[in-house]
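**Q** Dropping the structure in here first, questions after.
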Amino acid sequence: MLLLRALFLELKTNKNCKALLLLLIPLLVGLTLIIYGIVLFSTEGVIDHGDHNHLRARFQLTLEEIIVFVVGSIILFFTLASFCVSCFMLMRSPKQKQLEVDHANKTNLKPKAIVNCDLFQLGDYCVFTFKKLSFKQRFKQDFFARSKFSFRSELYRLCLVGVLIALNLALSLIEIPGIVLPWGSSIQFRFFNTAILFIAVRLVGLLSTSLVALITPWLHLLIHPIHTPISSLFYMVNDFLVLWIFYFFFFHLFKAEVIQTTTVVDNKPFSQLVNTKKTKWTKFFSLLVISFLCGFIEGLGFYFGYFLILGNVSSLGLKIYYDGLQQRDLINSSNVLFFLMTTTAIFSIKYIFEMLFFFSVEKNVVNIANHFGLY
C-alpha cells in the first residue's frame, strides 16, 4: 500500500508522467477486443442490433473469435508490461528537490496585464488587455493546460477528466436510429458525443481532451459490446479529428474565442468576458466552416466504414446492397454522391447544434477554468 501511494504521488508531481496516460488507450483496446470476442462466442455470432443483424454471420471455423482473442491478449499483455516497466523506471529516477519546484513555479508565471491608457486617476475607466502569445506559446499552453504547477489545479483537472469521460460516455449511449436515406436504407448516429469535447478544451486542455476522445469509444464498446471494433475505431478517429479541427479553426484561424478584459472602476479591478461585434461575426463564420467540414469528414468516415464492416475493400466485386435492390450499391458514383450529400447535411446540422451549445456556455466554462486555476 505504501508503494502504491508513493507511485501515485510521483505520478502527480512529475510532469513527464502524463505520457503514461497514453497507455490507457491500448489497454482499453485490448480489454474491449477480449470482451467483444467473449460476447461473440457466447451469442454464437448472432447479435440483433436493429437493421444490422445481417452483419453478425456466424463463422463456422470461429476464425474471427480466435483473431479477436489473440490480438486483444497481445495488446493487453504489452500494455501492462510497458506500464510496469515505466513505473519501475520512474521510481528509480532521481527526485526533484522542492526548491527547484518552487523556483520553476516562480519563473513560469502568467503573462502580465498591460494598460491601454497612459494616465488614469481615481474614478477613471481604463481597460487592461492581456499580452498576446505566439502560436507556439499558445499551443503549448493549451495542449498541457497548465501555466504553473499547482497540486490543487492538478487535482481539479484529474477530477474533471473523470467527469468529462463519464458525461461523454453517457451521451455516446444516446443513439438516434432510423434516419432514412433517399434509397430506402437507414443509418443511426450519436448526436451529443462530441459536444463535451468542445467544452473540455477550455477546462482540461487539448492533451487531456484528446485522451477523452480516444478512450471513450472503447469504453462504449466495453459497456455496449454489440458494436464492432471497427465502429469504435471509426468513432475514435472521427472524434479526434473533429476536436483538432475545432481547436485550430476556432482558436487560431478565426480567433473567435471570447475576450477577457479587466477594467478599473474607482481604483478597483473588475474582470469580465466580452463578445465584441468582430468576435460575434468570427463565431458565426467559424460555426459554418467547422460544422460543414466536420460533417463531411464524418460522412466520409461512414462511407468507408460500410466497406470495412460489410465487405473487402480490395475487391470491387463485393458491393453493398440496400433493400435487395440491384444497382443501388455504393460503388455507383451517383449513389456515392447522394450518400455523401445526405450524411454531410445530417452531420452538419448535428455540429451546428453542438457549436451553438458551446457558444451558449463558453463564458461559464472560462470562468470555471479561471476560478479553479486550471489555466
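Cβ coordinates come from backbone N, Cα and C, glycine included.
As annotated in Swiss-Prot:
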TRANSMEM  21-41  transmembrane segment
TRANSMEM  66-86  transmembrane segment
TRANSMEM  160-180  transmembrane segment
TRANSMEM  203-223  transmembrane segment
TRANSMEM  234-254  transmembrane segment
TRANSMEM  289-309  transmembrane segment
TRANSMEM  338-358  transmembrane segment
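Structural setting of the listed features?
**A** Under 8 Å from some Cβ of the transmembrane segment (160-180) lie the Cβ atoms of residues 50, 186-193, 195-197, 199-200, 203-204, 208-209, 211-212, 215-217, 219-220, 223-224, 235, 346, 374, all in the same chain and six or more residues away from its ends.
Long-range contacts of the transmembrane segment (234-254) within its own chain (CB-CB distance under 8 A, at least 6 residues past either end) are made by residues 135, 138-139, 142, 172, 190, 193-194, 197-198, 201, 206, 209-210, 213-214, 216-218, 220, 282-283, 285-286, 289-290, 293-294, 297-298, 301-302, 305, 308, 351.
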**Q** What parts of the chain pack near the transmembrane segment (289-309), using Cβ distances under 8 Å and only residues at least 6 beyond its ends?
**A** 55, 187, 189, 194, 228, 230-231, 234, 237-238, 241-242, 245-246, 249-250, 254, 320, 330, 336, 339-340, 342-352, 355
